[in-house]
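Engineer: My structure is below; once you've seen it, I'll send some questions.
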Amino acid sequence: MKLTLCELEEQLMGSSDLPSAADIEIAAVRIDSRLVKKGDVFFCIEGENFDGHNFVQQAFDAGAVAVVVSQFMPEFEDKPTIMVKDTVQALGRVAAYWRMKSHARMIAVTGSAGKTTVKEMLAHVLSGSGSVHKNFMNLNNQLGLPLSMLEATGEETYWVMELGISLPHDMGELGPIAQPDMAIVHNIGPAHLEGLGSLENVADQKSSLFKYIRPEGVALCCKDHELLWEAANKISKPVPFSSQDENAEYYSTLLHTLPDGSGRFLIKAGEETAEVILPTCGSHFAENAAAVTCAAHQLGMELTEIAERLATVELPKQRFHCHTHGKWTLIDDSYNANPLSMNRAIDTAKRIADDRPLVLVLGDMLELGEEAGCAHCDLGSKIAETKPDATFYHGKHYSEVASQTNGSTLVPVKQPIEFLNGIHELGLSDAVVLFKGSRSCHMEDYFYALNNDINGENEGDKA
């Protein structure tokens, strides 16, 4: 970021009256006083469990050149403070201004499942044709997006940013900050229904990102989701991609799974095709590969270049990572869950298992609002349809899931040790085991428990 204190004040107040502000270059923007260093500007954010206004003195002591506040603080009248109505909105305005100053091409990514994966894959592919800046992990909301943008130097070729929404007004706040040159909506599903209400609303809100594309920009949309495709076409004429229609201009599909848990995928752009090995065996990752292929090709990369870059991609942790231990395959998809991603994960795990034992280790799907009960009943039906050898369940929605499993083994567990004891009692010598649930369920703890247990046994065998 290359902004002066004068520029920041003008964006927030319309004028500058801080002494020598034009000569002060801001080092960084912070919302955590513990991270403030000399030359930084500290924004006082009010949260449910904290208030940045309580840490103004710490920020100045650490070397802040100014503090942005939304409360009158007479004790700091002699300090460089900037008063605004809303510090979160102010942060967004500064990021939007920085976006306007930068010459980077902004690619914004949103969807109900897999945003971070698509963002990471696309950033890696595009780094083969230019410098790339991306948001760290999934910092994709009204705080994470502007902070990520303000971390950029402004010299990059591309900014690849994911945008996450959970309420109807979210995209209306994030879109004007991002001002994308390219916007990608790669899927929709029943996620964040607590705030968005219905799948139709999810489609409308996700596709509303296209309203904020710059005049010469381009919209990309997965045509496999009917509600999304209809909503998108009311706003724009998006370039379609698909993991279901092999005749689509941009298409991808999983060809087969390899013994190490990776997958061989086909990618297609126009009349050209290529095959690439990705570090995942999830067939639903074809949708991600199609989105990335479409975006990179539209940005001028050749399909051969795209395939070469995809072949070296490293996917984020806990996103359908297949770990092979002898005859055991552990699938760590524990980062998060909603009905769309849960069903896809179960289907893919069943296909991988084939005639091997299949064990599901699942947790609650959260933020579904009034649909939570029905969604977990549907999960029970999915388990009954899948017929795994056993399912271990962690979460408060156990009863809803159990009501529809139709006799399929469903074991409630509260701690990883209970799960370990239970899977030992099954007496399996090999299996495919899927771990998935919402973030707060910490299903990775169950994965690590079995992973370490198997590794310990293997070490014991070697001894």
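Backbone N, Cα and C define each Cβ position, glycine as well.
Where the annotation comes from TrEMBL, it is an automatic prediction and has not been curated.
Sharing the record's features from TrEMBL:
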- GLY111, SER112, ALA113, GLY114, LYS115, THR116, THR117: ATP binding site (BINDING)
- 25-97: domain 'Mur ligase N-terminal catalytic' (DOMAIN)
- 109-296: domain 'Mur ligase central' (DOMAIN)
- 319-439: domain 'Mur ligase C-terminal' (DOMAIN)
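Neighbours and distances for these, please.
Structural biologist: In the three-state DSSP scheme, GLY111 (ATP binding site) is classed as coil.
Mean per-residue pLDDT, taken over the domain 'Mur ligase central' (109-296), amounts to 95.
Break the domain 'Mur ligase C-terminal' (319-439) down by DSSP state and the numbers are 49 helix, 30 strand, 42 coil.
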Engineer: Determine the most Cβ-crowded residue among the binding-site residues THR116, THR117, using a 10 Å radius around each Cβ and all protein chains in the structure.
Structural biologist: THR117
Engineer: Under 8 Å between C-beta atoms and at least six apart in sequence, can you list the same-chain neighbours of GLY114 (ATP binding site), or say none if there are none?
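Structural biologist: Set apart from GLY114 (ATP binding site) by at least 6 residues yet with Cβ under 8 Å, we have HIS186, ASN187, HIS284, PHE285, GLU287, ASN288, ARG319, SER341.
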